[in-house]
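Trainee: This structure is in structure tokens; I'll ask about it shortly.
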Amino acid sequence: MKTGRIVKLISGVYQVDVEGERFDTKPRGLFRKKKFSPVVGDIVDFEVQNTKEGYIHHVHDRNNELKRPPVSNIDELVIVMSAVEPEFSTQLLDRYLVIAHSYHLKPRILITKHDLASEQEILKIKDTIKIYQKIGYATQFIGKDSNYTATVDEWSDGLIVLSGQSGVGKSTFLNSYQPQLKLETNDISKSLNRGKHTTRHVELYDRKGGYIADTPGFSALDFNHIEKEQLKDFFIDIHEAGEQCKFRNCNHIKEPQCHVKALVEKGEIPQFRYDHYQQLYNEISNRKVRY
């Protein structure tokens, strides 16, 4: 029996990496009976057959798991936002951060296309990013002339997953970091201010200290797993301020003696962050009941 990590899934075949050696495996029938499927990122025990093939017998407990697309045991989620084309959006950034925290993932913010933005645009974005740095988020800026290896060297060891809307340059980033990948890229639509996802499946690529992956389908953000009462925990600044509210179950919407709203009025919590919290709270409150 060998132990390795699933690095790719195509047509029901799980490719497992064992210290640089790859094996094509399939899960045993017992997984189907349990209605459980291995996912990319899983640590698995498998039995080798025919030298480079085998059957998965056991999936180790997951530290965390992203549902869409399915990836497990993520050490850091890099949220990729472009300075321009598509334009930088704090609302979208906050939504990605909520997703990250809801799945117990450690987020990092990466701003691409630094070189394509005007000086005024970059200054405005940097002022905004200081707010996120103050909250505690690691942030980086890159352009086409950046040292991509040095950028990645700042990231955690283990599995790094790139997330972000289509067109922000995730595949371009990976191609610049590892030119041998030759991943497909697409121009963004001027009318829609976004691109089409060019990544069709999740695959882990080797890097120093671990793996790196792009995520297809991550542009369609889904909050169905989050209840409105949980949302405040996923806005870090609001969560910390909320510990001083009069009522323990305060959701910082209409409740009296709310410390969060007091800090918003003082400007200590940015108005735009609170607005995004309210918008998402209302979206979750108004969604249809699932049966």
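Even glycines carry a Cβ here, placed using N, Cα and C.
Under the heading domain 'CP-type G', Swiss-Prot lists 63-221, citing sequence analysis as support. Feature annotation from Swiss-Prot assigns GTP binding site to T112, K113, H114, D115, G164, Q165, S166, G167, V168, G169, K170, S171, T172. Look at Swiss-Prot and you will find C245, C250, H252, C258 tagged as Zn(2+) binding site.
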Trainee: Within 10 Å of the Cβ of T112 (GTP binding site), how many other Cβ atoms can you find? Include all protein chains, please.
Mentor: 25
Trainee: Around K170 (GTP binding site), how many other C-beta atoms are within 10 angstroms of its C-beta?
Mentor: 29
Trainee: Give the residue from the binding-site residues H114, H252 that has the most other Cβ atoms within 10 Å of its Cβ, counting over every protein chain displayed.
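Mentor: Ranked by Cβ atoms within 10 Å, first place goes to H252.
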Trainee: Considering Cα atoms only, can you say which of C245, H252, C258 is the nearest neighbour of K170 (GTP binding site) among these binding-site residues?
Mentor: H252
Trainee: Taking S166, T172 as the binding-site residues to compare, which has the smallest set of other Cβ atoms within 10 Å?
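Mentor: Output over binding-site residues S166, T172: least Cβ neighbours within 10 Å is T172.
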Trainee: Expressed to the nearest Å, what is the distance separating C258 (Zn(2+) binding site) and S166 (GTP binding site) at their Cα atoms?
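Mentor: Cα of C258 (Zn(2+) binding site) to Cα of S166 (GTP binding site) measures 38 Å after rounding.
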Trainee: Of C245, C250, H252, which is closest to V168 (GTP binding site) if I measure between C-alpha atoms? They're all binding-site residues.
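Mentor: Closest by Cα distance to V168 (GTP binding site) among the binding-site residues C245, C250, H252: H252.
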Trainee: Of the binding-site residues T112, H114, G164, S166, T172, which one sits closest to H252 (Zn(2+) binding site) when you measure Cα to Cα?
Mentor: G164
